[in-house]
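Annotated features in TrEMBL:
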ACT_SITE  Asp241  active site
ACT_SITE  Asp254  active site
ACT_SITE  Lys256  active site
DOMAIN    149-304  domain 'PD-(D/E)XK endonuclease-like'
Amino acid sequence: MFALKRVLSAVPQSTSLCVSHFSACHCLKTSRKRSPYSSVDSERYSSLVKSVMSSKVSSQTPETLQAEDDHIYGPVVKAQTPTRPEVRGPKTLHPFLNCEETVETEEPESGPPARISLKRGQGRSFVPSVTRILQQTLSPEQIFYLERWKRRMIAELGEEGFKEHSQNLFRQGKLLHSALEDILTSGAAWKNRDPSETPEYPPEVRGYLESISHILEDVSAVRAIESTVQHATLNYLGIVDCVARYRGVLCVIDWKTSDKPKPFLSNTYDNPVQVAAYAGALNNDSNYKYQVENGLIVVAYKDGSPAHAHQLSSELMSEYWKTWLLRLEEFTEKRASHASSTLPEKR
């Protein structure tokens, strides 16, 4: 008894208070939480489950599912394999190269580049130009985008402003070609030039010249400048900007100007077809004793940013030559149709 008193006296007072207020009866009398399933008729639910589980349901097969889908959605219609549009080729595949001439692999003899002037008359008055043929055989899509660009420019600049803008572009192009003719016929390599001795060119073309300066460093052995070429068999002509070697490869070079960057060949639209047409005419023109298989399109920018040079390999030139033959056939057919419609009827 004495030992029990000592133990009780050692317990803290706060603990004794908690124990004194604990009631086991209170916990036993707490109400139990009511289950939501307590009101369910368990016997009836049990019999319902047994009846469902005892019944056998036949499983459907793929055939029955297919029949059911056909009944609901109709029979399956197999999609047809898409057919690719037929690529039309020219009716007559005229050769791109003249077999009687050989392709030069060596540097040509020194001498001034050829410049054959265009002389209308002497049988050339009815020979269409490459530019005219391409303009009159534009696709509906090309016409749409060209007209949309023209409408936007007129909306921005007005009729007179657009006319003046077009004239300025034409004048700048002529000035650039004139400056390039002076540079390429001087005989001195552009990369070896003395800047102090370089003539002053018009302000309108200085940016363009700066743009193509890195291209001019790789141009050598100039064979022709602003020279007329004519294909006697196919009856068309054109004026090539330049025939020279670019990085050692003889090319028909076409100089272009643009306000917008054209980093890809596809950005140049019909220019590759134009270059192929010039090369094909040159290869079949008796005034030129060599053959050209490659092309180069140089796009210069007025702000002086580096020009883009698009090289056309002999394989690409052959493909664009086929496209040119198609455009030429279309032009010839249109002209023949127009001529027959304008003939006076016989009485």
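Just so you know, glycine gets a Cβ as well, placed from its N, Cα and C.
Automatic, uncurated: that is what TrEMBL annotation is.
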Q | Neighbour tally for Asp254 (active site), based on other Cβ positions within 10 Å of its Cβ | A | 21
Q. Where among the active-site residues Asp241, Lys256 do you find the Cβ with the fewest other Cβ atoms within 10 Å?
A. Lys256
Q: Measure from the CA atom of Asp241 (active site) to the CA atom of Lys256 (active site) and give the result in Å, rounded to a whole number.
A: 10
**Q.** Mean per-residue pLDDT computed across the domain 'PD-(D/E)XK endonuclease-like' (149-304)
**A.** 91
